[in-house]
């Protein structure tokens, strides 16, 4: 996804851009030529306004044509960038299936970081095109019209990059140090903001405000150190440009004085010089833009690359349903965690049974359920559905077999019906969903809008929505995480009765610490007991 | 109108005198730039008349002088204006900190709160750039235009008026145009959809409908992109319009000058000079256009940061009657995050000095919310909490919090070190007291085996600690305070049974020794049973 690769893939678009830039450059040069002719006519030939009018008209033509062409060019550049952004966003969306990205980081990546790629079209490519097309064209013209000026330009031109490289080399380590310091200070500022509630509870708003001010001042100082170096480079570039223009105007003026060249050419060259040096002077901005784009690109690339882990490819229609589920020597450690959550677990869940998993919070009940759903990969050991390893199942197979309802079902933006079918659009949906709504006692119209901005659901309604999803999917293995947490006993009993009917001919595993659920289940597993037990040893009720 | 007000506030934030100095530097640098081209044109025009060589000396000196002073003035202007902008940035950062101190925690979800904080930080950066990219260039270019026009006025009044008009258009047109574009709605929808995927990912994957949801996400990205394109093309059209105005006005200006030559008010050899002066000025104008587009966002940002607090905290603190029987009492309190959905059914209790209480309830039953109400992080919807018989509504949050020390689940671990966490929250605390608090919270031995002990870095929000260690550190931070009332939120979460029981024992003996009152929020029945009283929360 390097910019050069992207450009390579769009050869046609790029050559069109170059062509447009060529015409823009021709118009720039044409306008400069016309203008110097007008000045010459009026100044040396003493023509009146009327006599000069045709040339002025031609000048206006060049000026306006250039605007239109430049507008087209910008449009092209921008649509190129927005195509690229859409492509990246779509890639990013596909990654979400493979890896969990926290909501705030995902938003940052998909919105701000991807937006930063705008700079390709607004700053980098225009500069690049100018350097590749406009500068050589003007240089050729200078060569043709005035060899001596061309020699001066050619001699001074390489000074700029050499000077820049020298300054850059001398200040490289200092700049790196300052960048690191800036990153640290920014992190420290964020840390302070994240801790505001703690600071409020302990009434230390003032003292921490003072710390914040010190932090901000250090940030200013570090930024200014970096900027001073950057401004030094710009100063060098600017000085070379202005001095070259000064030297050239004097040398052209002297030759004009001795009649070695004519006024129109001299004025023409003078008009072109700023145009010639502009891409060079704006090189600093383009350089910073390139740095921003490359940071953004790296951040996106990291996320997109990680997602190439493939899951099992096994699609199996021979699995007898509902299956027995056996866990053998299962261990799991969260990345970055020092200790495993689950260590060498052995369990058995018979088919057509309801098994309740109990245990204190934090012991790993939810983790176990996610492992059973195949949402987390086991470090060691395996989960067998009858005699087939879950790890070998393709995602599509798991989706046909397993229903998973988390502790707090997430409510998506959309209608209640979308939230139950999870956006599946089948023709008989409405009747099926109405039946489910009546069955689960969710007394809302099926087209109620939920989620951000829509109607809020109470805790009980949320739990019922989770179960409604399970009823809708109607799969042989059902995993429920605290389906009755926070419900009144009567409500709980009602839901359990409905679940009993639903659980027939299914393998149902439920996490709960509620006595009613433990009694209702066919079997109960105390996770603490299993954790310390070395072998397959399950406590039966 | 509000735009002007915001800009005025921003100017006063920078300080008028400093701003004027920047303005002067900007003016000098702009002047040197156009004079460089003007004097170059003067040399060439004059040379074409073949005067004696010495007549050109003035021009040659000028061109060198302006060449060097242009680069130097620009360097100085950049240096000083950036320093000024960063100084303003410091003030803005303090302002958003103060604002957040006032407004957090929000009643919305944690994700929305994070978004809000991110927005404010971005606002401060946007405003810093506002000084550099818009305010200073607009004013210094304005001064330059004014000077040039005053000079030009004697030669051709019409063209002088024309240049002033073009400057005005460059300020006004972008402001009018950008007011018409709204980009917010699609981006918010897209953000919400992204949040949906990230938070409902497990269910989405297991449902098998991830592809139809992908289509929804893609559509969100497409319409966000389209909105961005619409704004972009609005900007491009505006720029193109201004380009056309500039070029046409240039041709008119040229014609007016030629007429002035005919009238004899302008010497012919000055024609080229005036042309290059205007071309130089127009380059500055073109840069103004690009800078004007973020202006609307900057104004929005300024409004967000600079707005006055809607209601001041009532600081009328009636003296507390500490002889009152109950240190804390609550009567029929209720609270809801979103209207009509109360978190728990109404709560009432009285707590005497030195008495302790456990608060139990299922997850989601509002245990932590109760702690937040006691700390006056939110006001109650109905009912009243009272401290020594004085209702909370008559007390400032600061006074109330001085009676409490608490660890709640929204608490944050600062990333620097353990010592830093203590000194931030308890300025001037001694190492001895830190170790005492850590030992009470059963964390002392864990810290003793860390390579850097109290200076061990914690990672972002304590990410280098395990869940249990993190909880114990929060407990230790609360215990280190001398406040009479201690609130602990699930202190045994993530601890094994033995450590958890020892921690509760330590805490109980700590409060008995110091005569403190303990409110222990827990779902752990065993821990709760160690306390004399229990409050059970239930859902409404």
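Cβ from N, Cα, C; glycine included.
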Quiz item: Between B:53-73, B:74-94, which stretch does TrEMBL give the note transmembrane segment?
Solution: B:53-73
Quiz item: With TrEMBL as the source, which of B:106-129, B:130-153 is set down as transmembrane segment?
Solution: B:130-153
Quiz item: Which is it, of B:228-250, B:251-273, B:274-296, that TrEMBL names as transmembrane segment?
Solution: B:274-296
Quiz item: Which residues of the same chain, at least 6 past either end of the transmembrane segment (B:274-296), have a Cβ under 8 Å from a Cβ in it?
Solution: 30, 33-38, 40-41, 126, 129-130, 133-134, 137-138, 141, 144-145, 148, 152, 155, 163, 166-167, 170-171, 174-175, 178-179, 235, 238-239, 242-243, 246, 250, 253-254, 257, 266
Quiz item: Taking 3+ C-beta pairs under 8 angstroms (sequence gap of 6 or more) as contact, is the transmembrane segment (B:130-153) in contact with the transmembrane segment (B:53-73)?
Solution: no
Self-check item: pLDDT averaged over the residues of the domain 'ABC transporter' (B:328-540)
Solution: 88
